[in-house]
Amino acid sequence: MAASNQPESIDPPNLNTLESQVETESPGQTSFKKRIAFAKRKVTTKDGWFGDYDYAWLCIPALPFSAKASRKQPPFYSLDADLPLALAISSGLQHALAMLAGLITPPIIFAGSLNLDSTTSAYMISASLIGCGILSLVQISRTPLFYGYYLGTGLISVVGTSFATLSTASAIFDAMYQDGTCTSTVGSDGTVVRNACPDAYGKVLGTSLICSFLEMFLAFIPPRVLKRIFPPLVTGTVVLLIGASLIGSSGVPNWGGGSNNCQTAPTGIYALCPTTLAPRPLPWGSPEFIGLGFLSFISIVLTEMFGSPFLKNISIIVGLAVGCIVAGATGYIDGSSISSAPPITFLWVHTFKIGVYPPAILPMLAVYVSLAMEAIGDITASAECSRVDVRGIEFDSRVQGGVLSDGIGGFLSALFTVTPLSIFAQNNGVIAMTRCANRSAGRWCCAFLILFGVLGKISGVFLAIPNPVIGGVTTFLFASVVVSGIRVLALMQFTRRDRFVLAAAMSFGIGDLLVPKIFTELFNGVNNPSSGLQGLFNSITIILSTPFLAAGIVAVTMNLVLPQEKDAEEEKESDVESSIGERKEVTS
């Protein structure tokens, strides 16, 4: 498209042109009256509510042979543009719904891993949504601090429980059940049932709280130094393995009926999935379960093919809704979690005993390093979607503010009874598709997230979603994380050194994925270790057994130790020439 046909950006409003009868007031009074006049115009006029945005473009589906593709796209709304109220609200809702599946998945998996009751599980979902709304406001605001430092990015940088935390916390919970911190019951048939262990969640929160200071410290390291330590070679590897490990540990197992002991079909309560007490229990991998998950999965695909821009932005929610409708009609949904959930809830309605689990300290420190890596990539992606320059001092300050807010958010989220909340990139597609990067839409998104969390029955609904529906949706969600990692790696121009580093990292990462128990017996030969030494052994075991942690440590170490090749540019050119030669051979 020619540059002359491109829609123009909407500039920030000029408050001096608003109707305000300002006479000889002080500057403070003048500014206040201008803001009052601006707010009055937004609320009381048609232009303030709707502007000239093409809402039909946003809502009309992409039907075959329709003329929708030829419609002129709406203008791009920059960070502080004069945004119509209706568009701000609808964009905020899209951001909230686009994030929702990623926000509710971690607490559901945590609660399942610890066998918590439905009331506590529903609270964990609500607390996660409320915490995400509050801390996202901090990221969006970009508050100046001292000596040129900031708190927040000033972009629509929303936060959520990172899948890096999800993968590591699940490994920590497994270690707690193995070392007796949490108890299990062995049935007469040999079936092992995990007892409810809310204290394990409290220990993860306490450990996360003290480890969050590491990311706060990283925020004051110049971004160029962080990028040198954590180049795309490292971040792409870590992100790829986070998604891949979650597909194998949670996504596909739930798609088959459940990620608990029902996969092995014992003779006790887990003889059928999700348990024998479910409304319609079936063996793991039954065609009914596979069909329910596939229905949710294919609904996401069809929404992307034929949905309107609004529906495409919330395709994950569409998949959940379609799967739940069919599951409810066929009797797979247990409504007890909905009836037991309170109508209204808030933070600290339930609390967890805060503690520290020493073997989890090293893994959680590694998690915070990976959160800083993710934050840098997510901030860059959000800035590009928002048409903000990703070079220069201002962008570096956005990175610094985002990483600092991430670290402080990890501290506060533990006090909110939520695992570390870090910058999410799942809403970047909403920015790109709706052409709205305005921070007003981000604030409305935060308002919707807090509202969803306060309405306790919504959490009960999420908790009632059958495992196969959750599995079909989260498998797609985790696979998109894998694709994000692949994209980061694909944008590199590999040298021989880069391939060597990646191969070394993947040796550990892929090995852990395919044989997850290879390192669990590593220190069994040590006789009578002290409690401190045993804690260190457990820490090392957790790190080595978590694919992205093991691969990330190897990648960082190898990248710093191996010298850069002097003929790197020649190697890149050689790679391009050999790639072209291979393509010619394949073609011939």
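Here the Cβ of each residue, glycine as well, is placed from N, Cα and C on the backbone.
No curator has checked TrEMBL annotations; they are predicted automatically.
Keep in mind it's a predicted model, so treat the numbers as computed, not measured.
Listed in TrEMBL for this protein:
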| type | residues | note |
| --- | --- | --- |
| COMPBIAS | 567-576 | compositional bias 'Acidic residues' |
| REGION | 1-28 | region 'Disordered' |
| REGION | 566-588 | region 'Disordered' |
| TRANSMEM | 96-116 | transmembrane segment |
| TRANSMEM | 122-140 | transmembrane segment |
| TRANSMEM | 147-173 | transmembrane segment |
| TRANSMEM | 200-221 | transmembrane segment |
| TRANSMEM | 233-252 | transmembrane segment |
| TRANSMEM | 289-307 | transmembrane segment |
| TRANSMEM | 314-333 | transmembrane segment |
| TRANSMEM | 345-369 | transmembrane segment |
| TRANSMEM | 441-463 | transmembrane segment |
| TRANSMEM | 469-488 | transmembrane segment |
| TRANSMEM | 500-519 | transmembrane segment |
| TRANSMEM | 539-562 | transmembrane segment |
Top partner of the transmembrane segment (233-252) among 96-116, 147-173, 200-221, 345-369 - counted as Cβ pairs under 8 Å: 147-173
Among 96-116, 469-488, 539-562, stretch most in contact with the transmembrane segment (441-463) (C-beta, under 8 angstroms): 96-116
Tertiary contacts of the transmembrane segment (500-519), as residues 6+ beyond its ends and Cβ separation under 8 Å: 233-234, 237, 241, 244-245, 248, 489, 494, 541, 544-548, 550-552, 554-555, 558-559, 562
Considering the transmembrane segment (345-369), which listed stretch of 96-116, 122-140, 147-173, 200-221 counts the most C-beta pairs under 8 Å: 200-221
Tertiary contacts of the transmembrane segment (539-562), as residues 6+ beyond its ends and Cβ separation under 8 Å: 164, 167-168, 171-172, 175, 229-231, 233-234, 237-239, 241-242, 244-245, 358-363, 366-367, 369-370, 497, 500-502, 504-510, 512-513, 516-517, 519-520, 522-523
Long-range neighbours of the transmembrane segment (122-140), counting only residues six or more past its ends (CB under 8 A): 99, 103-104, 106-108, 110-111, 116, 151-161, 201, 337, 340-341, 345-347, 349-350, 402, 405, 408-409, 412-413, 416-418, 421, 423, 439, 442-443, 445-450, 452-454, 456, 458-460, 462-463
Recorded stretch, among 96-116, 289-307, 314-333, 469-488, maximising Cβ pairs under 8 Å relative to the transmembrane segment (200-221): 96-116
